[in-house]
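Since the structure comes first, as structure tokens, the remarks are kept for the end.
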Amino acid sequence: MAEEQNPSATFDTILTLDFGSQYTHLITRRLREIGVYSEMLPCTQKLADLPFKPKGIILSGGPYSVYEDGAPHADPAVFELGVPVLGICYGLQEIAYRLGKDNVVAGTAREYGHADLNAQRLDNQGHVDKLFAGLEEHVKVWMSHGDKLVKLPEGFHTIATTANSEYAGIAHETKPVYGIQFHPEVTHTPDGAKLLRNFAVDICGANPNWTMSKFVDQEILRIRKLVGETDHVLGAVSGGVDSTVAAKLMKEAIGDRFHAVLVNNGCMRLNECETVAETLNKHLGINLTVVDASKRFLDGLKGVTDPEKKRMFIGATFIDVFEEEAEKIEALAENSGAKVKWFLQGTLYPDVIESISFKGPSATIKTHHNVGALPKRMIEGQGMKLIEPLRELFKDEVRQLGRELGIAHELVMRHPFPGPGIAIRVLGEVTPERVDIARKADHIFISMIREAGLYDKISQAYAALDPSKAVGVMGDKRVYAEIIILRAVETTDCKLTLGIDGDFVLRYIISVMTARAFPFDNEFLSKCATRIINEVHGVSRVLYDISSKPPATIEME
């Protein structure tokens, strides 16, 4: 997305500068949840290079000590721009350290976990009391720091304390500059969203008008301007939420000049191709081509048992198949005097964040591309250009956008499905027969979850096929048949797992998203097992995986 066309060109924006915390992205998410648009950039960002002026700036937490050589520091222009500034944890220490090198020291006692915060009111002090306005005098907050502010910077008031932090909250006497030692962005700070709203709306004056209804209107206009009146766009779809929403958005913007391609790799869910074709083509009006390459994929998977080799083969073959179909579509377009100049990519904001997150003083910021999913002509620079209409959105915003575009609830709320499909849910060798068993068992399991009204309460659910077999008794005969493993999990993106990193600064490792097995009752699981064994030929046993993540992963391979 061209910078000048970012939502920041239209919506009041709070800029979050990332100092390396693994939950900086939650600041951005919480602000958007209250209707204020926010963008995250690395702390090395030079404000002079910004294409917009933020309404306010938030300095995130981080795993460093501000007084150490090589510690990251914000552009001095942050404090010269004339907009409100809020420092969180490391951000508080950054504000204090720049005003006095002895203001921050290594703490004698680390403070992490829940803490009782006492907010202090300073009457008749103008902006000073605004940060905690509407909050109780005593509130629960989440702390995770080792270093400590031991001196109040000149010109600041104390606005909050805890038993271990004399300066848990500070505010400048005359300027809207604030610092807090706790983390308002996590759910462990119950009133954190209120505090962030106080800062963004009441102190910064940001208009809380960030909605998907306004975004979709702006994005359609942007796409039309970018693509022009004659160029065509090509994109791969899978039936998943991201690709479906991106495809529908493109359809709304340029109509039949968007060409969607669905590749059947032989490892999709039961009736998936037919369902996706009906949804995208008939109901959403998307120009869709379905390529049945199932035999090509399954033949190539014979004898392959290593999960990574499965992924690599499926990924490489997908690119080959997609490329072949793309050439046909391009040829047809050229026959009518048009050209396919753009490739639709379903990049989301978390993908962008992963690329721009601050990883150290010498880290190189790279442009995010999911290279494994790009056609060769994109990699080799043969002319097609990327268009990424969802790259500024979080997953929950993509779902909201889907609803705004009229996509059915059942499709918008679909569980994630891995790119390699059932191939990585069939443990061991992938054969058509084994895929069929896993596919049918999965269909029964998901159908029963839907019938029980549990689907939207579960983050992901599926049936996998174990590489071993087990003895059973059917019709008074001994059988030696397949084992099905059922898995269903609840996940959260903001439940903190404590871990010490660097100078005892505690971080939550977002790449290890936590998940726990969904607590089905035994009667439900028993019914699932009975149906699968009775209806799927070749299955003698059904197990339920109760492992949490970590240490287990959500997928089997």
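Just so you know, glycine gets a Cβ as well, placed from its N, Cα and C.
If you check Swiss-Prot, you get these features:
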{"type": "DOMAIN", "residues": "13-209", "note": "domain 'Glutamine amidotransferase type-1'"}
{"type": "ACT_SITE", "residues": "Cys89", "note": "active site, nucleophile"}
{"type": "ACT_SITE", "residues": "His183", "note": "active site"}
{"type": "ACT_SITE", "residues": "Glu185", "note": "active site"}
{"type": "DOMAIN", "residues": "210-414", "note": "domain 'GMPS ATP-PPase'"}
{"type": "BINDING", "residues": "Ser238, Gly239, Gly240, Val241, Asp242, Ser243, Thr244", "note": "ATP binding site"}
{"type": "BINDING", "residues": "Arg311, Asp476, Lys549, Glu555", "note": "XMP binding site"}
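Feature map: annotations from Swiss-Prot on the structure.
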residue: His183; record: active site; contacts (Cβ under 8 Å, 6+ apart): Tyr23, Gly61, Ile88, Cys89, Val141, Trp142, Met143, Ser144, Thr189, Gly192
residue: Gly239; record: ATP binding site; contacts (Cβ under 8 Å, 6+ apart): Leu262, Met268, Glu272, Thr275, Val276, Thr279, Leu280, Arg414, Phe417
residue: Val241; record: ATP binding site; contacts (Cβ under 8 Å, 6+ apart): Lys395, Val398, Arg399, Gly402, Leu411, Val412, Met413, Arg414
residue: Asp242; record: ATP binding site; contacts (Cβ under 8 Å, 6+ apart): Gly346, Leu348, Leu390, Lys395, Val398
residue: Thr244; record: ATP binding site; contacts (Cβ under 8 Å, 6+ apart): Val237, Thr279, Leu280, Leu284, Gly402, Ile407, Leu411
residue: Arg311; record: XMP binding site; contacts (Cβ under 8 Å, 6+ apart): Gly419, Pro420, Ile424
residue: Asp476; record: XMP binding site; contacts (Cβ under 8 Å, 6+ apart): none
residue: Glu555; record: XMP binding site; contacts (Cβ under 8 Å, 6+ apart): Pro418, Ile424, Arg425
Please work out the mean pLDDT for the residues of the domain 'Glutamine amidotransferase type-1' (13-209).
92
What span in Å does the XMP site cover, taken as the longest CA to CA distance among Arg311, Asp476, Lys549, Glu555?
41
Sparsest Cβ surroundings (other CB atoms within 10 Å) among the recorded positions Cys89, Glu185, Gly240:
Gly240
Among the binding-site residues Ser238, Ser243, Lys549, whose Cβ has the fewest other Cβ atoms within 10 Å?
Lys549
Whole-number answer please: how many Å between the C-alpha atoms of Ser243 (ATP binding site) and Lys549 (XMP binding site)?
26
Cα of Lys549 (XMP binding site) to Cα of Glu185 (active site): how many Å, rounded?
22
Distance from Glu185 (active site) back to Ser238 (ATP binding site), taken between C-alpha atoms, in Å:
33
Hey, how far is Glu185 (active site) from Gly240 (ATP binding site), Cα to Cα, in Å?
29
Any further residue of that chain within 8 Å (Cβ to the Cβ centroid of Ser238, Gly239, Gly240, Val241, Asp242, Ser243, Thr244) of the recorded ATP site
Val237, Val245, Ala246, Gly346, Arg414
What kind of secondary structure is Lys549 (XMP binding site) part of, going by DSSP in three states?
strand
